[in-house]
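Contents: one structure, followed by commentary.
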Amino acid sequence: MRDRRYAHPFRDLRAKLREASSVCVLSGAGMSAESGIPTFRDAQTGLWANFDPMQLASEAGFRADPQRVWDWYQMRRDGVRQAAPHAGHVALARYAARHPGRLTILTQNVDDLHQRAAAQAGEGARIVALHGSILSDRWLDACPRDEDLMRRPCDPSRAEPGHPPRCPDCGNRLRPGVVWFGESLDYRDLTAAEEAASACDVMLVVGTSGTVWPAAGLAARARHAGAHVVILNTQASEIDDEAHIVLTGSAATLLPRLLDPL
Ligand code: APR
């Protein structure tokens, strides 16, 4: 259960973040909300309040209506490209740049806001995109050339424009390079995330409902390995009980108060 000994949470947490040799962030859609990117489960505004995830975020949904899914992701991609990192992304990136190698960001988000903030602040953070990237594509099916040692596999960048684009050689369709419901995470990403969660002194869990596994389990993994777990969220989440302390508030407000200028 949560540890209620904190009389001065920010002072005590800042001391821990100052002393930590390894810090992990587990971020979710709430991390991007103040950049104008909708979350999934917030009432009214969340994507799943207005769209059926099984139709739009599953392989079966894509195969059933490729154009609808492709166009929905194009709309979301446009939103990501128009968004900008906010003060919370910048605070994390600057903390990482001041302490190279200390911060690992495990993000469930498929936007590139953490990556852009890191690039602007001068790198320093390791970022693991657990659910892939909405700005990348990959083939829907295995390329028939994968089995042919004499020929190079088809190149996604050569796909013919379309909804979705198709390979001019084998007809394969492109799909967004994200992890859909029912799909496994890349085992290298998950292994890296589990190792980082097990090794950190402090874990900041920012803007996630804690409803989707295995990402949601990383907070418990960190706690059981001895990390101090802090949740930053505007509302209660399904993993609040894994936290030593829950800070109620927004990512863009809380993260600068916690990290600047440690
Ligand atoms: N600051 C902090 N937290 C916020 C903010 C904010 N400004 N705005 C919303 N939140 C919180 C909400 O209270 C909620 O707990 O962010 C969380 C968003 O939860 P979800 O919409 O469920 O997003 P997430 O937890 O990332 O979902 C996990 O589910 O649909 C899949 O693949 C998708 O990666 C996603 C996964």
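Cβ from N, Cα, C; glycine included.
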Which one, ALA93, ALA192, ALA193, ALA251, is listed by TrEMBL in the same NAD(+) site as GLN108, ASN109, VAL110, ASP111, GLY207, THR208, SER209, ASN233, THR234, GLN235?
ALA251
Just how many other Cβ atoms lie inside 10 Å of the Cβ on GLN108 (NAD(+) binding site)?
22
Cα distance (Å, whole number) from HIS131 (active site, proton acceptor) to GLN108 (NAD(+) binding site):
5
The record lists GLN108, ASN109, VAL110, ASP111, GLY207, THR208, SER209, ASN233, THR234, GLN235, ALA251 as binding NAD(+). What's the largest Cα to Cα distance among them, in Å, rounded to a whole number?
22
Just to be sure I understand: of VAL110, SER209, THR234, ALA251, which binding-site residues have a C-alpha no more than 10 angstroms from the C-alpha of HIS131 (active site, proton acceptor)?
VAL110
Inside 10 Å of the Cβ of VAL110 (NAD(+) binding site), count up the other Cβ atoms and send me the figure.
24
